[in-house]
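Undergrad: Look at TrEMBL and you will find B:12-37, B:66-84, B:96-112, B:118-141, B:150-172, B:202-221, B:250-268, B:274-296, B:303-324, B:330-349 tagged as transmembrane segment.
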Amino acid sequence: MKRRTLLASAAVALALTGTAFADGHGKTKVGFVFVGPVGDGGWTYEHNKGRLAVEEAFGDKVETVFQESVPEGADSERVMTQMALSGADLIFTTSFGYMDPTINVAKKFPDVKFEHATGYKQADNVSVYSARFYEGRAVQGHIAGKMTKTNKVGYIASFPIPEVIRGINSAFIHAKKVNPDVEFSIVWAYTWFDPAKEADAAQALIEQGADVILQHTDSTAPQAAAEAAGGVITFGQASDMAEFGPMPRVSSIIDDWAPYYIDRVQAVMDGTWTSTSTWDGIGPGMVKIGEISDAVPADVKEEALAMVAALGDGSYHAFTGPINKQDGSAWLAEGETADDGTLAGMSFYVEGITGEIPN
Amino acid sequence: MIRLEKRAQPSQFWTFATPFLAVIMTMIVGGIMFAALGSDPFEAIRTIFWDPLFSEQFAAYSRPQLLVKAGPLILIAIGLSLGFKAGIWNIGAEGQYIMGAICGAGMGLAFYPSESFIIFPLMILAGALGGWAWAMIPAILKTRFGTNEILVSLMLVYVAEAWLASVSSGLLKNPEGMGFPGSRNLQQYPASANLEIIQGTGMHYGVLTAFIAVIFAYVLLSRHILGFQIRLTGEAPRAARFAGVNPTRIVFLCLGLAGALAGMAGMFEVSGPAGQITIDFNSGYGFTAIIVAFLGRLHPIGILFAGLLMALTYIGGELASLMLGIPSAAIQLFQGMLLFFLLATDVFINFRIRLDSGEAA
């Protein structure tokens, strides 16, 4: 009996502090949970740029807090809870592994809005958002296919999840289209951010003869490895990584979260926030192609830019048939484009890629 | 000139005093670091050590979390301390923790969606066996071929991580997970969920097991002949042999117990706070537990408090990072200082400082 009243009063106290904040601070408090350090130069760096853009856009009306290098799993659940307790009105959780923790915490704080990046579980107060990075990969694949002299493209993959597999497929399809002899060597690093591991992977691929290194990991270590090797080209991942241009970095896929973040914060301020599922690409500007450097021949650059434009206005889809699966079975017929459901859960390679998806 | 003089007997006073001295020195040097980073050092130290326990805003939540975070650390450190006392250096608790989690979760998922009450006990057993079996590899190699258990157990951590990646994107992958890696969420499967015994206290079955392990280890070490043999093996291996202690048996016992406890910790974590097997499910408990074991002086009660203190620096560190914007790397540095100062001040247990006049040298 006593224990129950104790708990009940604790709950009341909790509720009280909650409302006190909602009335008291006036500012909208926005929290960000990051999987890497804000200085990773890639994925987290861009999310943090989005956070800074929110601060700039709203000035005094907004307060942002963030926590970096938060491990996925039980620790992230605690970080989110503490953020909610500290009075956050809106929390962005920016890695796939935060999915179940986000849903759990959202249940406990029905008045706090949550936004989870790259997942698929929604709730009344949980939105999901991601970018169609595979559109950028198509452009990358095109340039890679044209530029490689050894016909060997190295690919540093992180985890075998649909997003990564989609990127590999998209890059391969477009490389193959312009260079039928091209081969992809894929290394699974099992990390999003580990400069030492990424450098090792890049080094191994270069030694195997790859003269293009594509990466789906967040650090600039592969860029540095390519620079040291010489004659190898790379692309900035998640962030522009322009400091490695014009060689080895010839272009980049940039995630631009700022417009989306500003939009969502505005919606919370206006009280118009609802749970949504957003998957935007080059068209709405969530994915950008970083400047194509002079190391790329003018005609290739022109073709690449034409592809960016076509992907942007929707006249071209990165997955347009005919495309077969790796085992040779038909996937997309001539002219058919992939539906979002299949793309979202993609767990197979397309025809021509050697090796298996690890499991 | 200052020089160190060996004590005839290890100092009782310093054995107890150095952990406190280490905490105080960490606060001072850590405070200077926080000040250099532009934060108010007093506020930072208060946020780390005081707020998780007593702040109105957070304590109701973070106090139970202290147990959740300390539970696995204590459970693993107790197992490790037995081996460390006997001079058996099991550095691979992280791997044993992972294998326990995989086996425990695998056992539970094999029964999905049955609701039998027997599932959870079977999972505990599977977790303990998984960790035990993983620890048996260095034990057998050491006793049969004389390999170094430090290297073998550490290397097996990386093998276990590869297994973890494999099962979470293969064998144990959630069939309803849209192709994403990661198992079903065991929290959402009542028969396998490691729930809080009393709602809102953070006291789940793993924490309870950790407390039982503390008592068990205390009795074993202070009241049982086996505990005496473990200590003797560590302090005087030759004497132990003359006294009829079988070193092979001690190796198997110490590694086996440590493995089983680490495996259970992994199982309780995956079925409770973490909920699912994922590619990077492990977050370093097995390594942090080594620090906890030494911070606690390899004594069961000491480990209990060391585990809670470590958990406090984690949760307080997160709060400091959230509320004051201190970079997470600075927090890790702060935690690292704790062990550094402990090891540094430990010299006073066996040595005393002498101030000599110059001509002696």
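Backbone N, Cα and C atoms are what each Cβ position is placed from, and that goes for glycine too.
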Undergrad: With Cβ-Cβ distances below 8 Å as the criterion, list the same-chain residues six or more beyond the ends of the transmembrane segment (B:303-324) that contact it, or say none.
TA: 19, 23, 39-40, 43-44, 47-53, 58, 62, 65-67, 69-71, 73-74, 77-78, 81, 210-211, 214, 288, 291-293, 295-296, 331-332, 334-335, 338
Undergrad: Which range wins on Cβ pairs under 8 Å with the transmembrane segment (B:202-221): B:12-37, B:96-112, B:250-268, B:274-296, B:330-349?
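TA: Out of the listed stretches, B:250-268 contacts the transmembrane segment (B:202-221) most.
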Undergrad: Counting only pairs 6 or more apart in sequence, are there at least 3 Cβ pairs under 8 Å between the transmembrane segment (B:274-296) and the transmembrane segment (B:96-112)?
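TA: The transmembrane segment (B:96-112) and the transmembrane segment (B:274-296): touching, yes.
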Undergrad: Please check if the transmembrane segment (B:150-172) comes into contact with the transmembrane segment (B:96-112), where contact means 3 or more CB pairs closer than 8 Å and the residues in each pair are separated by 6 or more positions.
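TA: Between the transmembrane segment (B:96-112) and the transmembrane segment (B:150-172), which are separate recorded stretches, there is contact, as judged by 3 or more close Cβ pairs.
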Undergrad: If contact means at least 3 Cβ pairs within less than 8 Å, sequence distance 6 or more, would you call the transmembrane segment (B:66-84) and the transmembrane segment (B:330-349) in contact?
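TA: No, since the transmembrane segment (B:66-84) and the transmembrane segment (B:330-349) share fewer than 3 Cβ pairs closer than 8 Å, they do not count as touching.
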Undergrad: Can you tell me which of B:12-37, B:96-112, B:118-141, B:250-268 gets the most C-beta pairs within less than 8 Å of the transmembrane segment (B:330-349)?
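TA: When the Cβ pairs under 8 Å are tallied, B:12-37 comes out ahead.
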